[in-house]
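First up is the structure itself, then whatever we jot down about it.
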């Protein structure tokens, strides 16, 4: 088993306003997911809206999380930035606050060719003060790491894992196959709809947004898949899909998932429902529908 | 269990020239996959290069396949065409030669909105003389059936199943969840890299190109997944991925899969290696590499 | 000046039903555009919904058009098909009915690499009984001809021109520059919003859907651009943009242009407003808005 | 005439290393373009590789440019960032160093729907201490401003213009038409291949990367187009296309333009040829080809 595995919620960033953390919410959220049995925390990912936060806010989020978490679980910190220097600065803050690893998606303004990508990560890994996960997120970065680029970058043992949010099952299997001889290399899947199947077929775990809301559900799903308990997987998968097809599908744009997740966290009294700019929170009819969807979830 | 399930190879169309079927090859190929234990045949799909064949050749392919198959297995016939009238004509030929179902991808020149798609299929299903599968193939058709559009079209009981070649695991799970109450509705996955996980999570089977080449491998994979034998799934999945990452990845373009598959079938003496125009067959170095890849597959 | 130039309307295909031409409408339409001063006709293009028509209907459209046109203007016939053999068959019908050239977009199911594309057109041009235009339509075919592929294909003097519907101004300029030494090579632009600028910068003319409706407007725009009369270009361009931003933008999907154009032709009593399946005609509110938009056009 | 017009080079950011400006190069570059007669400067755009620079470096670039420029020309500063707060901080630095306007592309990690975009810009414009240009750059931001969204945002008179780098001629004409009654609203085109046609059809000018290299060429092209001198436009357009098709097309990836432009600036002794990470500078054969291309340009 790799060092990093299981369910690692990509924490939302609770906000009182676009410029101010909801510290109480963050505390409640962290205790909520720890109680749910999660295996680690990942902050400042896509679900954490890192790109929408100022640099200063991102540093604040690292600091506050570390302070609340007190090393009770492995902490992974997103450092994705279009600037190498600013990525490294974030990694240094992560190190300073005792995070266990950093997570980096490719530069998301300029898309690169694979050799350019390999050179970029060569440099980033060299300068990173912490072990690093590669983060594949093609919807936002407009590109995929090719399996052979991953292997090439991972020749440096500081590269300890890979998180795939492509939702492409063929691609994920290709990466798992390409890295089959790297025993210590963790492979996480982003979309929670795929966690069961990915773990059944060899992935290390899931970085699933829904685990902010129902941490135990995803932990049990992971356990069932890890133990090969297919009946239990089947039972839990239906609940996962119910969440996915109700809470994440309100609204008209790509922001439905994020707005729905934060709205549901607000309704459950865990933390503020405010997304960072450029998104606005759900109001009116949307809130009613998400409340109703939450009521119907039987877990 | 649904009427249609298991491994249904999307047969390649063996060609002597762009205008002439390789009848001997077709016969050998059909006997080869039947011996391998497959559960049905699907002709004139993407792997069958239907769109590259003249209408006349497509009719010929239906006729010859039916004649060789002699109802030994369920036969599914691709009728995808940008013209409704020509789709229906193909469906009538399929009916005349005793096929069991037809398979239709959305019009692939004009992409439609979901309501337009539902209306199109309303009409197609009404006119179709045979049960129909919906075929999701966004790389070629530039669109996905939304899960709710599938449910809407499938209110007509003549719609008996869905084949998904999107490779999007989240999407496939969404369709499985949306159709969870339709017991007789078959859901097949196209990409063979995802067959195991899809069947483990509730899909009916795989329409896998590699089953032209190694039918028994995919049948055993399906059986292992269907029985929940995870060790066996894991063992066989590695071979599937070896095929995927060697035979389908030569060449520089999207045609790598098709050219590689036909090249391998030629090397194994099953049928001609000639693709239909606009593709050309692999030569030289590529053939050597695929030969070598075949030699290294230990099944 | 090249043989083919000026405004060549891509004729809509008037339909009484999905399987029956509106012959009276076709006759009125042809007389309408001839009266408007157009320089040629192009049938069975994208605006002609060729892909949605059965093969038989396409042949019927060639025959009827030729019969009505009686060689009064150059006739170009779209032969785009995913099957080479069926493309050639259409080209032979075009030849039989005295068309002047055929027009071919790349195979639109399988997208090809550039060398595959060059080989495909090498074969198509070799077999074509008529001079040929290349037709770039990336929204539908998922690819562009690279400028150097165009030059390579056009080494065969049977290739007499290029029609670009990419709407990419940089790309179009690159093609014009690449072909700068081919005096007899016609370059047409598809989107009517770009006809003026394209002709000012060296293109041969426009294949503009709006010329079905207001042929004289586009002819005058072409003339003004060709003569370098910038004030007149500016005046007419505003009307072209008014049409573009009102008649083509109703409805929610990619079909807005086609449905809007046919709807307007119906309102003006030129021909039937029925699109071919998979599209449905505008009804109710949409028709009222297009009627109103037509009323406001002051030409 | 609007306040902002003509040729406004998007300055490259000359670098000694990834963390250090090439101040001498910047000085030479600014004097070079001023001598060429350009009408303004735009720093920290896409050509300026703003996203690849640390926040600190971006501030440094504003400061040094202002110091060298000494208000001799209008200065526009790119403030595009995925964080609203950091965008505003950059705008405040721009104000502090006497820039004339700021330029903002949509958040480029999360793509937004049009109403979300309008709300984002409502807030950004409200907080901006300087007049603002909207910057459409869909290749990098994965979205376009719809023409009606532009009009909506531009109801605030602090929004003084629009720069379009989509290369979509139909789209640009739609924006020009939509904004036809806003006399003080500047519309610039990014791709230099389209500057002539855009200005002939009503655009205010070009923000053209090539003007770093050959400022006078683009100024003369702008003047010719603005005066309606079509023969001169035609003569100069050929040189523009020669540059575009030789200097910007070396290399295999999307970075060809940027690497080629910086390489040429290095060869001409204007400034360092080093791109910011994630790109690497051209070496060997590429440099030779660009040198040769430069030698062949006869201006």
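Placement of Cβ uses the backbone N, Cα and C atoms for every residue, glycine included.
Mapped onto three states, the DSSP output places residue D:47 (pyruvate binding site) in coil. Residue environment of residue D:47 (pyruvate binding site) contains 26 other Cβ atoms, counted within 10 Å of its Cβ in all protein chains. For D:47, D:207, the entry in TrEMBL reads pyruvate binding site.
Annotation comment: TrEMBL describes D:135 as active site, proton donor/acceptor. Around residue D:135 (active site, proton donor/acceptor), the C-beta neighbours below 8 angstroms that are at least 6 residues distant in the chain are D:45, D:78, D:80, D:103, D:104, D:105, D:162, D:163, D:165.
Every protein chain shown contributes to the tally, and the Cβ of residue D:163 (active site, schiff-base intermediate with substrate) ends up with 28 other Cβ atoms within 10 Å. For D:163, the entry in TrEMBL reads active site, schiff-base intermediate with substrate.
Counting only same-chain residues at least 6 apart in sequence, those with a Cβ under 8 Å from the Cβ of residue D:207 (pyruvate binding site) are D:8, D:9, D:10, D:42, D:45, D:163, D:165, D:188, D:189, D:190.
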